[in-house]
Structures are given as structure tokens and as C-alpha cells.
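Chemist: Below are the C-alpha cells for one structure; questions will follow.
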Amino acid sequence: MSSVIFLGTPNFGSVVLQGLIEQGYEIKAVVTQPDKRVGRKQVVHQSAVKETALKHNLPVYQPAKLSGSEELAELMKIEPDFIITAAYGQFLPTKFLKSAKVAPVNVHGSLLPKYRGGAPIQYSVLNGDKETGVTIMEMVKKMDAGDIFAQKALPITDEDTSGTLFDKLSILGRDLLLETLPKFIDGTVTRTAQDEDKVVFSPNISKDQEKINLSMTAKEANNLIRALNPDPGAYFMLGGKRFKVWKAKPLTEKTSFPAGTLVTNKKKFVISMADGSQLELLEVQPTGKKKMNIKDYLNGQGSHFTIGDKIIDE
């Protein structure tokens, strides 16, 4: 079976790696991001890809930066058939990509050339797209610009979040990769150059983009909430403090209340947004609290507001 160096970090990559292992590919090395300390207690957190690799006793490399590292020198000596990446999170040196005997292949979470970059899944939700998908592509020096070997589309439902799409696309990407790799060996793989006129970029989500503001319609705010679930979460400022919203739904009825105002807190919590639109909050997280459904919030803090109160700070 073909030999592989695999590079990936989150669960998206872990699902792909597990598929390669189960199909009998010879995994020569696994490269993932360094362990992180998370939370108030600074607990050391390993990536999902590292956990999968250790479970199967595979050699793991975790350079802070692959370029110019000692780890890179070791990896260059392996010369595998394939170098495969799935949500690794670093640029790869061209000389390393060229060390693959057959091809350097990436599993990308969008229908390229739409959404090159680090947050393709988030942008598909943020922009209200009706479909997304995965692309199996050649890795080249320029980010996500290589030829396309295979693509498969996936509908986006109104209930989907980035989290649910990550899960769906990891399985779709795994299956499409495993379907495509044998075509390299038997010579039936096809390649299609990307149309540079149709390129759309999806840079990593910035801190400024996390905030729900008064210029957004209910639909736009809901798209942001879905796009940033499960991480980092969308928020607005309420009484000078962050108030995260994990789940909401836009209502069809219009209101005359100005944007950012409480429309009702009787059995449900509805706020007005731009253009007279209304957003019903379903799952929230006030600063210093755990996530809660809106019923629990209305039984406590949420009951103290009066219809017409300003909820979203400027």
C-alpha cells in the first residue's frame, strides 16, 4: 500500500487520518500543531489528529513552524508516495511538497476556487450559501491554488452551523480522498486548473467579525451566530458586557422597534434588528455563565427587562 506523511490538526483531519489508517495506507509520519494550554487552569490540550496518531502508535511531529525546523529535515528523508493535508494550519515549504513521489494532496473544505484560505466553512455559513463541499487538490506554493483532482457538493441547511458542517465535510472529504488516491496509482486521475477569475478568499475570522451589531438584519446576525458556532461564538454587548448567542432564528414578522430593542421576553426572547427584522434568541451565554437555553435565561436574568429596553449596546 502507498506510503503517506499526514498533516492535520482538528477533528476534520482526524477523521481523514482514521480513514487512511483503516484503508491500510502506510502512515510514515503524522505532523500536527503543538499542544496548547487552554482554559483558566491552563490544561494541556492535544490536537484530535495527535490523539488518533498516538492511538495507532504512529510517529508524531509537532513543530511550531515547519519551515526551517529540525522536524522538516527528518520528514524530507522519508520521501513518501503521498503528502496529505487536512486542516493542518501552516504553510508547507515547496521543497517538502516536492519530496512526495506521487503527489502532495490537500482535502479542502469548500468548492474551490470559492473560499481559498483558513475559514472556508465559516464563510459559507456567514454568507448564507445554499451549498458547500470538499475539494481534493494538489498542493502548490500559492495557498489553495493547485489543480483540482475531485470535488463533491453538500447542501447547507438552515439548521447547520460551522460545527455540523465540519463533521459532515470531514466524512465527505475522507470518502472522496479514499476514492481519489487509487486513481493516481492506476493513472486515471484527472486534474482541472482553477479559474482565477472566480477566486474568493476566506481569511481567518478576526475578533472584530465576532460582534453582532445594529446594522445587521436578523438573517445576517443569525448567519454570523451559526458561522461562529462552536468556536469562538458570536456576541453583542449588553450593559457593557459580552453576551454570547449560540442559537437563534430570524422571524418573518416585522417590528417598528428600533434595532437592538427588546420586542418581548414573555416565554421567548426577541430583539429587533436592522430593517425592522426580528431575531429570537434560543441559546445564550451571559458573561461568567455557562451556555443556557432561553427558558432558563428567562427564568432568571432575562425576566428583569421591560419591552422596549435597549438590549444591544451601540
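Including glycine, each Cβ sits where the backbone N, Cα and C put it.
For reference, Swiss-Prot lists these features for the protein:
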BINDING   SER110, LEU111, LEU112, PRO113  (6S)-5,6,7,8-tetrahydrofolate binding site
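Could you tell me the structural context for the features on the list?
Modeler: Summarising the environment of PRO113 ((6S)-5,6,7,8-tetrahydrofolate binding site), the number of other Cβ atoms within 10 Å of its Cβ, over all protein chains shown, is 20.
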Chemist: Sorted by position, what residues of the same chain at least six away from LEU112 ((6S)-5,6,7,8-tetrahydrofolate binding site) have a C-beta under 8 A from it?
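Modeler: Those within reach of LEU112 ((6S)-5,6,7,8-tetrahydrofolate binding site), by Cβ under 8 Å and sequence separation of 6 or more, are THR135, MET137, ASP144, ILE148, GLN151, GLN194.
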Chemist: List the same-chain residues at least 6 positions away in sequence whose Cβ sits under 8 Å from the Cβ of LEU111 ((6S)-5,6,7,8-tetrahydrofolate binding site), in sequence order, or say none.
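Modeler: Same-chain residues close to LEU111 ((6S)-5,6,7,8-tetrahydrofolate binding site) (Cβ under 8 Å, separated by 6 or more) are GLU131, THR132, GLY133, VAL134, THR135, GLN151, ALA153.
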Chemist: I need the neighbours of the (6S)-5,6,7,8-tetrahydrofolate site defined by SER110, LEU111, LEU112, PRO113. Which other residues of that chain put their C-beta within 8 angstroms of the C-beta centroid, in sequence order?
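Modeler: Other same-chain residues with Cβ inside the cutoff are HIS108, LYS114, TYR115, ARG116, PRO120, GLY133, THR135, ASP144, GLN151, GLN194, VAL200.
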Chemist: Which residues in the same chain, at least 6 apart in sequence, have a Cβ under 8 Å from the Cβ of SER110 ((6S)-5,6,7,8-tetrahydrofolate binding site)?
Modeler: ARG116, PRO120, ILE121, SER124, THR132, GLY133, VAL134, THR135, SER202
